């Protein structure tokens, strides 16, 4: 070690106010020091302590306080004027711990320990002869928060302080804020009344800080004959600004101008101290550059003391920046460091001439078909866009030159609608764009092809009519803008029968009759198809199907029989029995209904249904079977699609009416006979048959005609008065001679 270098010795330590754990603290402190001399060094512990290094010695219990030095502990070394400080630290939870900061002040042996203003020390004793005051050079606080200004000091052992003054320096003189004199506290009359306080460590607290609090504060400590020591702290107050505002140039910027034009302005309001503004383009910072980028900044302090900063960005902008985003960024200070805030992103309208024009066919699919909505879309790359006009170009066959025919209709933003297109719209189209700034006209061409299918027809290659068992060929023909594909199927939802232009039908039967559909499509053109159908009619003799051999009926009841015949040409139907006939046609079928009264003859012979056309005759026999349970309602049973609709309810109604009529007739006859008997015309007890069938007509005679169409089993109810009954076939007209 070179001569003249101060040595480091730990000969004796004076500690005042230590708790019972003091010996342990001394042991830790002593183990952290190293002794050095001119001839070498030897360590009392394994740790070497460099000057200004701090060592944490751990936490200890709350310590007692030295009345002469409130709120602080003191460690003083008596050799070479080096001092060791232990400062008390306040914990949030309310507990107290000690953080020991060992500071080695390097001093030459011949110098005295001196800080601040004070008297020199005594080199014989090694003690300082002044008061050393320590305060932070700067304390930062956000506006409205509480500022804490600490003040610590050192004096000689067995010495006491007499006062502590806190004051601020508005200009040249000082103004006291808070005082501690011989253990008593005084709040001086100042703008800080009600906002300041001081704890037992002499830390000054200022609540609800304002911008005016940003000044220099002085902590002064007096120790009687030892002198006075002081130090200064600058209090800095910060206020975060409002979010940056950015206003883009609404008028727009032209690329062709030579001078720099304003792109946007940024405003940052109500900040303290004043903020700085930088500019970004697409996230990259812009720097001032001669004749390319200019940034003009101004800063204004408002009446409130806060600052408002403004910045204007001027630049030459190429057309490549038409999609660029600009934003500004505010840089400001808060307690603890720098902060930043960015504005929203904006775009600027940039005007530039048109260099290229394009024409596109706007259609729902790449391959256009008839019926599609098509528009011509013309687009230029200038801002503002050029004026557009549309033309159809055709070659003049005589001259061989192009001829332009301007299309009618108004183009909306470069789009001209052609509506639903047809094959006639196929052709060559042209768009022209006129730039109003440069007065230059640019053109672009496009070809429109409208795909179509036309001339669709289906023919039958067979003699008419088509008879059962013969062959039939169907041919489909069509034209189109591209090759076509043909497909066949029967009826609208029938299964596919094949593909190709021809369909072969061999040994055709009547079941093959119906609608045959030819569908034509264009491969590669989505949605383009046409179809045509043809009706195939197969001629043959009538066909009658049989489901049940007989129809259960009862004699004398009305029955309805239905006969259905299928054939082409349309057959006629006849019945072997007389009755009411109703015919109708359904799906190439003839349906005939016969309503007839069942007689014993019909029960024996049955009824025939005959269907006839020029290709043949078919007869179906309907057998009538006696129904064993007449009271049980039955349903008609079809025979060869011939059905008998039995009507038991109608027969019962006829019987009831016949019975009522007979009773009325008997009552009238009884009354007449009784009247004649009273007159003596008819002797009592007379036997024999009285002839009343053919009386002579006289003016004073009353003739009653009774007609009955009752069924045979009901006719027996009408009898003569003598008890004789006429046979069933003799129930005809009866005449009764009523004589007075």
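Using the three backbone atoms N, Cα and C, a Cβ is placed for every residue, glycine included.
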Which one of these stretches, 685-712, 713-740, shows up in TrEMBL as region 'Disordered'?
-> 713-740
May I ask you to indicate which of 629-652, 653-676 is given in TrEMBL as transmembrane segment?
-> 653-676
By DSSP assignment, list the helix, strand and coil residue numbers for the domain 'Ig-like' (344-443), in that order.
-> 3 helix, 53 strand, 44 coil
What does DSSP give as the helix, strand and coil breakdown of the domain 'Ig-like' (454-535)?
-> 3 helix, 47 strand, 32 coil
Summarise the model's confidence over the domain 'Ig-like' (454-535) as a mean pLDDT value.
-> 90
